[in-house]
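Straight from TrEMBL, the features:
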type	residues	note
TRANSMEM	45-66	transmembrane segment
TRANSMEM	156-174	transmembrane segment
TRANSMEM	179-195	transmembrane segment
TRANSMEM	215-231	transmembrane segment
TRANSMEM	243-270	transmembrane segment
TRANSMEM	290-323	transmembrane segment
TRANSMEM	344-362	transmembrane segment
TRANSMEM	416-441	transmembrane segment
TRANSMEM	462-481	transmembrane segment
Amino acid sequence: MNTIRQRKGIKNTEVSEDYAAQEENVKLEHKLPSGGSSRRLWETLSFTLGGTIALCVGVLTSVYLATLHENDLWFSNIKEVEREISFRTECGLYYSYYKQMLQAPSLMQGLRGLMYDNKTESMRTINLLQRMNIYQEVLLSILYRVLPIQTYLEPVYFYIYTLFGLQAIYVTALYTTSWLLSGTWLSGLLAAFWYVTNRIDTTRVEFTVPLRENWALPFFAVQTAAVTYFLRPNLQPLSERLALLAIFVSTFLFSLTWQFNQFVVLLQALVLFTLDSLDLLPALKASWLYSIQIAGLLLVCALQFLNSMILGSLLISFNLSVLTARRLQKNLKTGNFLNRLGKLLLHLFVVLCLTLFLNNIIKKTLNLKSDEHIFKFLKAKFGFGATRDFDANLYLCEEAFGLLPLNTFERLSDTLLFSAYLFVLCVTGTAALVGALHNLSDSTHRQPTGSVGKGAVSLRPATAYNFMHSILFGLLALSTMRMKYLWTSHMCVFASFGLCSPETWELLLKAIRLYNPKRMCVMRYSVPILTLLYVSYKFWPEVMAELSELREFHDPDTVELMNWINSNTPRTAVFAGSMQLLAGVKLCTGRTLTNHPHFEDSSLRERTKAVYQIYAKRPAEHVHGLLRSFGTDYVILEDSICYERRHRPGCRLRDLLDLANGHTLVTAAGRGDGWTSTK
């Protein structure tokens, strides 16, 4: 069991929107420097200052997280085997391929070893570049080999510093998105402050460094910033093309680095579909974004040797269905309210049917089963019937895949983030609802930008996109705690944008009949500045206390196990055990495994279930036969599984296995719990 013990002594730029109402709102601010040249100088200085602050905040956040990682583990002082053990579960598996590439005699031999790997799964040869998202490990190993840094930077530090460096890009992208939405870099600064002060709920990079999401989320944030910029009205052709290029590259990199890419991008596609249907988004730009999502995923599919999970993804089927349905229903956005509503419902039905039909055809044609465990999990999670399926129950019983705990909102409220978020969400939601109803009711005077006329409530396409983005990813986080990091980081962006947005304060002040441009300007800057001061005053001591607390990684049992394996077993030995521990065995010893934590393969899931029979009520001869069929030489049994107390009865690993094997839980007062066979 890994433990941590106490270490022993030792202004703002106004981004041009070409939007008449907003220009009227901010004309007071333009009076500060008189004259066109003075205004341009002011904007240039403000842009330079805002950009410099963005870079500084990003770098400081990266250094802060790297320092926490060092202080928690004393990473610079512990042994190499302890460093590797600190990469827990699947993190260790991914890092092992980086290590494998560096230990290969040449790059070509290293790549060949990954493409024809027979040590990750015993008695099988698999293409790891097809099965897993490890191109980042390949790229880093190549860079470490060719760059002149080997003499003063250890491979493990090159790896973790790259990931902490990506956090600088992540925070800078969040800062930029908020700045683009509000028109002032002050909102970007507030977003970055909230990201850091809510670190427990916005990132886990400091203790799960090689995790796939830590590679992917920075590119996802860059993509969101690029989409936000692309949705601005009246962009110059060159700016539009550059924005599309940035969206494509960031979408591709995001998809290449995380196996759950298709599900996240599918939610983005649903955001586009909703806004396009309600005429809150320019249809042409929505089509471009649909196409880029398909192109990015197909390019990843090609690099992963036609990965079946990508080919059978709902995203590709959905986007193709939307583009097809749009061609079939060319007059979707004409007619009165009831007419348009009927067409919208028909459009939704056509897209849904086409998506299911196309996805079903692809999966049956290619015999794809890679993601069936996810749909079994979702079916059971949302109450569409109980299941005995081992894989689905394994997810259901993990806290990370449960509902978002209520104490999350308490922590977010302590920094005023959640309160500000709800406030902005209500104001923006009102504007979105009014805008959608207006567009559906008035098909003859629709504006191509997706915003309503000057006399009504206005909502820009970029604002509408980020609003729906926040709603859908919020629902995902509420249903599955592990996905909260997609929501909470964007919550920082959306809340800070709203507090600094002239649109928010204009709508609110008009609602209470107190609006004038000067008062709106005062609210726009005073509220975020006061919030920044409060957050800094309350949480600066806590941040300093965190940085001064020194701990040390301490797991002598696992260290002893790895040393024993290295000293007493042949290099060709095959080990069976829990997925989590075997990932460490692969990294620390290089021995062959029977199973591992990368669960996105149907045959591996079956193999894992078979190996786990060592913890089930099965005859010894039967279990021995299963293990020998995988070429097993050694089995690692863990007390933490045999005498498990972390999960409730019915959710312990041995209970899940017995349930899948056809046993039924029986309880009696005073006698605890037990199982009886139904066969």
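Even glycines carry a Cβ here, placed using N, Cα and C.
Non-local neighbours of the transmembrane segment (179-195) in the same chain are 11-15, 17, 22, 26, 46, 49-51, 53-54, 57-58, 61, 171, 202-203, 225, 228-229, 232, 415, 417, 462-463, 466, 489, 491-493, 495-502, 524-525, 528-529, 531-532, 535-536; each lies 6+ residues outside the stretch with a CB under 8 Å from one of its CB atoms. The stretches the transmembrane segment (462-481) and the transmembrane segment (45-66) do not meet in space: the count of Cβ pairs below 8 angstroms, excluding pairs fewer than 6 apart in sequence, stays at fewer than three.
Sequence-distant neighbours of the transmembrane segment (156-174) (same chain, 6+ residues past either end, Cβ-Cβ under 8 Å): 54-55, 57-59, 61-63, 65-66, 69, 75, 80, 83, 95, 98, 140, 143-144, 149, 188, 191-192, 195-196, 203, 205, 209-210, 214-215, 217-218, 221-222, 224-225, 489-490, 492-493. Sequence-distant contacts of the transmembrane segment (416-441), counting only residues of its own chain at least 6 positions beyond either end whose CB sits under 8 Å from a CB of the stretch, comprise 194, 198, 278-280, 336-337, 340-341, 344, 409, 450-452, 456-459, 463-464, 467-468, 470-471, 491-492, 494-499, 503-504, 507-508, 531, 534-535.
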